Every structure is written in C-alpha cells, then in structure tokens.
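Pulled from Swiss-Prot:
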- M1: N-acetylmethionine (MOD_RES)
- 1-82: region 'Disordered' (REGION)
- T54: phosphothreonine (MOD_RES)
- S57: phosphoserine (MOD_RES)
- S79: phosphoserine (MOD_RES)
- S124: phosphoserine (MOD_RES)
- S132: phosphoserine (MOD_RES)
- S146: phosphoserine (MOD_RES)
- S152: phosphoserine (MOD_RES)
- 157-199: domain 'CUE 1' (DOMAIN)
- 203-251: region 'Disordered' (REGION)
- S211: phosphoserine (MOD_RES)
- S214: phosphoserine (MOD_RES)
- S242: phosphoserine (MOD_RES)
- S302: phosphoserine (MOD_RES)
- 302-328: region 'Disordered' (REGION)
- 314-323: compositional bias 'Polar residues' (COMPBIAS)
- 354-373: region 'Disordered' (REGION)
- 509-677: domain 'Helicase ATP-binding' (DOMAIN)
- 521-529, 897-904: ATP binding site (BINDING)
- 628-631: motif 'DEGH box' (MOTIF)
- 721-738: motif 'Nuclear localization signal' (MOTIF)
- 858-1010: domain 'Helicase C-terminal' (DOMAIN)
Amino acid sequence: MNLFNLDRFRFEKRNKIEEAPEATPQPSQPGPSSPISLSAEEENAEGEVSRANTPDSDITEKTEDSSVPETPDNERKASISYFKNQRGIQYIDLSSDSEDVVSPNCSNTVQEKTFNKDTVIIVSEPSEDEESQGLPTMARRNDDISELEDLSELEDLKDAKLQTLKELFPQRSDNDLLKLIESTSTMDGAIAAALLMFGDAGGGPRKRKLSSSSEPYEEDEFNDDQSIKKTRLDHGEESNESAESSSNWEKQESIVLKLQKEFPNFDKQELREVLKEHEWMYTEALESLKVFAEDQDMQYVSQSEVPNGKEVSSRSQNYPKNATKTKLKQKFSMKAQNGFNKKRKKNVFNPKRVVEDSEYDSGSDVGSSLDEDYSSGEEVMEDGYKGKILHFLQDASIGELTLIPQCSQKKAQKITELRPFNSWEALFTKMSKTNGLSEDLIWHCKTLIQERDVVIRLMNKCEDISNKLTKQVTMLTGNGGGWNIEQPSILNQSLSLKPYQKVGLNWLALVHKHGLNGILADEMGLGKTIQAIAFLAYLYQEGNNGPHLIVVPASTIDNWLREVNLWCPTLKVLCYYGSQEERKQIRFNIHSRYEDYNVIVTTYNCAISSSDDRSLFRRLKLNYAIFDEGHMLKNMGSIRYQHLMTINANNRLLLTGTPVQNNLLELMSLLNFVMPHMFSSSTSEIRRMFSSKTKSADEQSIYEKERIAHAKQIIKPFILRRVKEEVLKQLPPKKDRIELCAMSEKQEQLYLGLFNRLKKSINNLEKNTEMCNVMMQLRKMANHPLLHRQYYTAEKLKEMSQLMLKEPTHCEANPDLIFEDMEVMTDFELHVLCKQYRHINNFQLDMDLILDSGKFRVLGCILSELKQKGDRVVLFSQFTMMLDILEVLLKHHQHRYLRLDGKTQISERIHLIDEFNTDMDIFVFLLSTKAGGLGINLTSANVVILHDIDCNPYNDKQAEDRCHRVGQTKEVLVIKLISQGTIEESMLKINQQKLKLEQDMTTVDEGDEGSMPADIATLLKTSMGL
C-alpha cells in the first residue's frame, strides 16, 4: 500500500465508522509523518550497519516482507507486500531528523536493498528559512549515522509520538504503541503499521463536534483540508508532502520543548494546545503565557533578556502544577464555555482568544478572545451576549454602529430605521429579511462587544496599577519617612532642579521601583532632558551604572551631549554617530570593550539604518533605553517602530511634548512600545477601538466621549504630563494671532485656475502626475505663485535651452534634454538658474513678481513693526524653497537673518543657534518646521511667525515652543499667516479639532496636576514638602 492508497484506506475506513463523541483525535499537522527517536543502544547498533543513505519509510515501503517486526517468524505472512504499488520512487529528505536512524530490526533488509534502473531518487534540501530560524536539524554525513546529543530530547520526542498514537488509538495499551514506535522510524510508518494491526484509529469520527461535556474541549487533530486529500496522479508530489509534514511535526515538537524550558510548570500537552491557539507562532504563545503567568503569579523562567523582565515572586515557586493545568485550560479553552458557533469555509486558528468569565477578576486576563470556533452545526448565541447585542443595536448611534465590522454608514442607517428590537427573535428576523442587511452583522456585533470588553479589562488592570502606586506613596508618607528623592549628588552642584522637575524625578523613580515603564510627556520647554539626566544620575547612585541608551533626533544630538556633560559630568558618554565606517569602528570598540561608557547617545537613523546597527543594539544588554521626541513612535505599523522594538533594554522611557497628536491610537502606540508585555496581546482591539477620526465637540457621541475617558484611565499609571501654565507661574504668557491674508490679484487668478483644473480632472477621473497630490499643489499656490511654473512658458524654455548651448559647461549638451529638465522646474528655480548663467541672465524675473504674494504684503508690514519695537523673530516654513524666496524678501528689506534647515550640517547647527542667541543685531532666524522645530532653544526671540501651517498642529506647537520655554523673559507672540479663501482655512479648522482632542485628554479634574493622577501628584508634593 503506497501513500496514496494509505490515504484512501483512511478515508474509506472513516466513512464506515459510527460517531463516538468521546474520541475526537487530531494530529497537530497535516499528514502525521514524523521521524522517530532512538535510544543510545539502538544508535550504537546502527553504527555496525553499512547501507545506503535512505529513509526508513522508503525501506519499509519497498520491502517484500512488510509484517510488523515484532511478529514471530513462524507467524509472518509469506510474500505479502502492502507497499508494492508505487513504482520505484525513493524519497530522501535531508531536512528530516530520521534519515540515518533505522531500527535494528530492519538492518538486514537494508543490507540487501538495491536500486534497479527504474528507481527515481528524490532529494529534498532543507529550506533557508528552516536553517535561519535555528530549527533543529540532524548533522548529515555520507555513509555515517547522525548522532542526537541530547538524550532528554529523544525521550521527549518518543513521549510526543506516544501521545499522538494514544489519541489515534485510545483503546490500545502504551506497551503496544511503544513497540510500534520502536519498530518504525517515522510517524507515517507507525500509523500505517497500527492501522494494519489494530484495524482503525480509535473507532470514532474525526469530524469536529461541539463537546457536550463540561470539560474544556480537546482540539481535533485533523482539519477539513488535512484529513481527506484529493486523488493525485503525481506520486512524487505526494511523497514530497509526506516528508514535509514529517518535518513540520518535528519542528512543532522542538517548539514545544523550547517553550517548556521557559515554563517548566506546564505540561507539554498544555503547551501544545496554547501553540495551536497561536498557529504555532512561538513568540505569540510566549507573550500570551507570560501575561497568563504574571496574572496568576506563576513561575516564569526567562532564558533570554526580555524587556521589562522582572524577578518572579517567591510564592510562585510553589504554585501547584495541577492548578496551572486547570487555569491554563480555563484560559485557552473556548468551545465548552462558549456556545457561539457559526459556519465558515475554513477553520482558521486565531491567536487572539479570550474566555468570558462569569466573575471577572480585575486585571487577571488582558488577552483577547475574538476567535469564534466553528462547527457544522446550527448557529448558537449564548444568552449573555444576546442581551448585550440587543441593547447595543437598540441604543447605539449611527457612528457607533459603523464600528461593527463590515457595517457601513448606509447599513447603520437601515438598522436605526428597523428599531425597536423587542426580542432576540424580532432582531434576527428583521436583520435577515431586510435588503442590504444580514444576520452576519449580529455575529460581527459580538466581535465589537468583545473588543470593548478587552479595553475594559485593560482599564481595570491599569486602575489596579494606579492604586498600587497611590498606596505606596500613602504608606511611605504615613510612616513619616516620606517619598523624597533629593537631587542626586553627582549632578553639577552649581545647577539645581526646579520643584516640578524634582516631582518628575520622584515619579520616574516610583514607576521604576514598581517595574513599570513610563512616558514623560511634560509640555515642551519644561526640561524633560534635564529630568531624564537626573534620573540616570539617580540610577548611577543606586548602583545601576548602565549601559543606558539615549535615542534622539539628529538635530538635538549636540544639545544632548552638551547637557549631559554640563549636568552630570560623572556619566561617561559614548556618541554612536557618524558615517558607516566611523560607526563600524565604534561597534568594534564596543565589542572589544575598548570603550568605557555609561550612556550611549545615538540618533533614530543611526540606530536602525543598517543590519549591523540593529544587530548591535539587539545584542547589547542595556538597562534603560530613553527615546527623545517619542512621538516619532506614534505608528505601531511603521518599520522604524518595529526595528526599535527589538532593542534589548530592560526598561524604556519615552520623552515627548505631544503624546496626543492626530488620534488616540497614536497614544496607545506609545503605551504599547513602553509596556509591550501588557498591551501587545491586545493591539488589534486597541487599533479598532481608538483609531476613529477626531471630531469637534458638537459632533462627539456619548461613546466617543467615553472612549476618551477610557484612554485617560488606561494611560494614568504610565504617563506624567504637566503644562507650563500650571507649573511655571513665572513663565511669561503666550498669545496666538491669526492673520488672514488676502491673495494678490494675480495670485488669486492663478489659484482659481488651478483649482478648476484639478476639479475638472477629478470629475473626469483623469490620471496624471498632477493629481498625485492635489492638496500640496493648492497649498503651494496659496503660499506663493512662484512655487509653480506660470511665467516661464514653453516658448521661453525652448529659447533658453538653445542659449544654454553657448555656456562652456553645456556647449555639447542636447537642447531637447535641457528643455525637458527645465519643464519640471518651478518659476523660482528657473529664476535662480537665470542668475547663474550669463547667456540667459536676461530672463530673470522682476522683483515685483517675486514679491507678488498676499502673505508677503502682510509679512513686510509685520516685520517693520516688530523691528521698531525691538522684538526678534523666528520665522518657520514647511518648504525649503519658500525659505529661498523669503531670503529674497529679507534682503530686499535689509533685515539681518540666519537660516537653518534639513540641509544644514549637524555640526553647524549648534553654532548657528549660539550665534543667534548671542548676537542681538540678528533680526530673523529662518527655520524649516521639521528641522528647526525639535529640541532647539531660541529664547532670545519673542515672536514666532508661521508662514505656512502644518497639517499636524503639534509640529507647529513644537516650533512655537522654541521660544516659549524655560529661560524666556518676554511675552511670546505667535502669528499664523493664513491665505484667505484657500485650502489653508480648512486645514486650520481641522487642526483646531485635533487640538481639542489634547484638551479633552489633559482636562484637569479638580485637584489634578496636568493629566497626572491627583492623589499621586498631591502625595508626592506633600511627601517632598513642596
């Protein structure tokens, strides 16, 4: 019987079997093909056999006498072959562990085996992915026997195979099954022999059924597309699949062994069930078990450095193993407790599963349970969810209904029109019979409710943590000892922390003591850098000498190095920055221990730009990783986010002045980054519940307001935010002013022409390069006409391209190519080009055209007034080309200025800043919003002018706070230039709605200090005597 006939044999036998509910076996992978482990004695006996390097499964198939090896000679059947039908195909799988492992009972057969001329040998190499993942493979040598070094793993593999056979043949004794395992080399061979000897596997159906018992269900071992295979003409392909399934089975067992080393209290069968729930993804199962172990206070033995890994409580060492098994089954079983079943095309394992407990212990289970287990039976919805779904569909607003998966605005409108839903039957009938709706929305509604439950569980757990922090401070204060960490003595004695900075230092020490990570989110200008340095000094005094890592934007690296050397010269700082060759030398020094350092300072780009950079910070064991301008990690789906998550640090601290920017999901991304072991198992639910767009106050539903309240509850223990108006009473005020600028006559004509042309293109669904960024095209025209090409017509460009041939640098150039290059240039770029080349000098634009902008007319008047008052100006723009045109304006009006943008060398930036702060005759500092809006101190200026606003208002706030920060002595005026009747007015409105979200998140309850919990803030102040 070849493999194809064996499959048919299983299929036909299965159709004849009566249904037996007590047996629902299922191998863990398609096709139970697996290599067998041998004892040391068997391996030694193997060494005496000289044979061809052929798998035993093939030998068994081709041998004339295929009786079970344990059968006595006198009882063996003569000349009967069950594996004779397949024509001379031998399969050698180099990725299998059992290639060279043969039972002694088969050794004589091996010696006599030869290949005829019709034999085809198929050799399968292990894939690169298998080798790169470090999956166990046997060492391969010609005509030699591979050796298994770890005898304990041999026993574990044998136990695993025994467990698989027991599930298939529950009525057979362990001794019978062990004999079969020892007599064959693969799982396929053992199962085939067992089918011939015992007749059938367990006598029960393999079709999945809903368990009626109270015990948690045991997963079936055959999926629909695993149990029955279609007829194949190509037997070689079938052999490949059989060998591949054998390899997959062994990989799974190696993953089980690896996981058991991390969790010795768990049985292997329990770990298999968990891995099945997570589609055999080791990292996901590990994270889930870690969360479960932490919630149940169980033992977890870490074999590697894990972020936030803390010592396990001593009482967990004696945690009963049977209790572990019970708890684990309760956590990962679904079907016996959930009657929610629904038909699906295919059974898919979902890594996100959660059990709805009758009594919820706050914070005991944060994972999600959104996987519905499907069977072929009728749909059943448990009563608990019926009431929740009925109540939700009856009372939810249209906006809330659209949160249901696959529920559009139109469907939500129809649901509201079908109300009221007086009963479950009425709801089901109305949804089924209404055009455009279906009963699937009811099942999807359960998914939404479960997602809400996950968020509520996170809230409860976070509330517990917050209460613990409060209790800790209360206890210390009550005992009279107080919680007061003074300024570390190794800080520069000539400098002192401000009172609110001492509170920040104490808060950082408090969360560190409780094994948490945090986000220091003080408003820009309150000295987050100083508080972070003071915290590192505190750790140094406590005996934690590092190494620590500080990741910063490129524009602030010089400032960080200066501040660390100024505030805490005791800390030895290593700057990981420079070219690839320079960084290579630094890496060599680090690995060779030539460098003596406590802190490494690097940039976001240098930390992850190459595989060598990423490898360094994965291998280097860091104590704290501090990320400045942490809002750069607001997108959990970005490559930067994923790479930085791999940094091997015990603790993480984020510094950001704008934790909330566009939506609440960005804030949740930051929380997931600093506390991955707590939030990573719920990222999909968090993404759905907090990713909706920000709305104005009058458009917010009750649920959206609740969402904000939920987010505030979750972030409470992990974030500290103070605003300047509350902690810096002496800081001068900041005033905002909106200047609506009417466009010039020519500019307005050009803007309307562009608008109509783009609108026509949209209506005609035309695809062209101009439509790639309609918004950007309108923004550029609203700022200045020279950002487009209007004045240099095609005729002018052709004439200019001919004249360019007279230039020594272009005498042999092709005029057509010059013309093509000029076509894509803007008017101002062409104007600059005309200034560079003598023969086209006459084509320069007049100064009147350069200054022909509505914003320039207003800006000229504002600058004249400010100069007369003695004010100094910091002028920001989004576009570097706009800065080029602004330079022409400033020169025209004879204003002294400096300029800093993304092209400015990092080494030069600090000198430009110092020059502006010391030379009071410099009137204007030109900055690009991206490059000059982060970590720069320009308190010598008191007026900020935003020539063009950003789509993200927090980028503009960052720019404003270059002046409005500690050290400012004058009132700060912020002026925003908005072109009237353009897209900029819509941008301004949207930005105001985004800022409203931050106000909602940081709304101060009575007694609060910022968004920090009121009790903790007050207690810390009281304890410190402030």
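Each Cβ is built from the backbone N, Cα and C atoms, and glycine gets one as well.
Note that the coordinates shown come from a computational prediction; the quantities given were computed from them, not determined experimentally.
Classification of Y897 (ATP binding site) by DSSP places it within a strand.
Other C-beta atoms found within 10 angstroms of the C-beta of Y897 (ATP binding site) number 17, with every protein chain shown included. Packing against the motif 'DEGH box' (628-631) from elsewhere in the chain are residues 519, 528-529, 532, 550-553, 556, 560, 654-659, 661, 666, 670, 673, 934-935, 954: each is 6 or more residues past its ends and has a CB under 8 Å from a CB in it. Residue counts for the domain 'CUE 1' (157-199) under DSSP, helix first, then strand, then coil, are 34 helix, 1 strand, 8 coil. When Cβ atoms from all protein chains are considered, those within 10 Å of M524 (ATP binding site) total 23, not counting its own. For the binding-site residues listed here (A521, K903), the lowest count of other CB atoms within 10 A around the CB belongs to K903.
Cβ neighbour count for L900 (ATP binding site) (all protein chains, 10 Å cutoff from its Cβ): 21. The number of other Cβ atoms within 10 Å of the Cβ belonging to G527 (ATP binding site), over all protein chains shown, comes to 19. Sorting each residue of the motif 'DEGH box' (628-631) by its DSSP state yields 2 helix, 0 strand, 2 coil.
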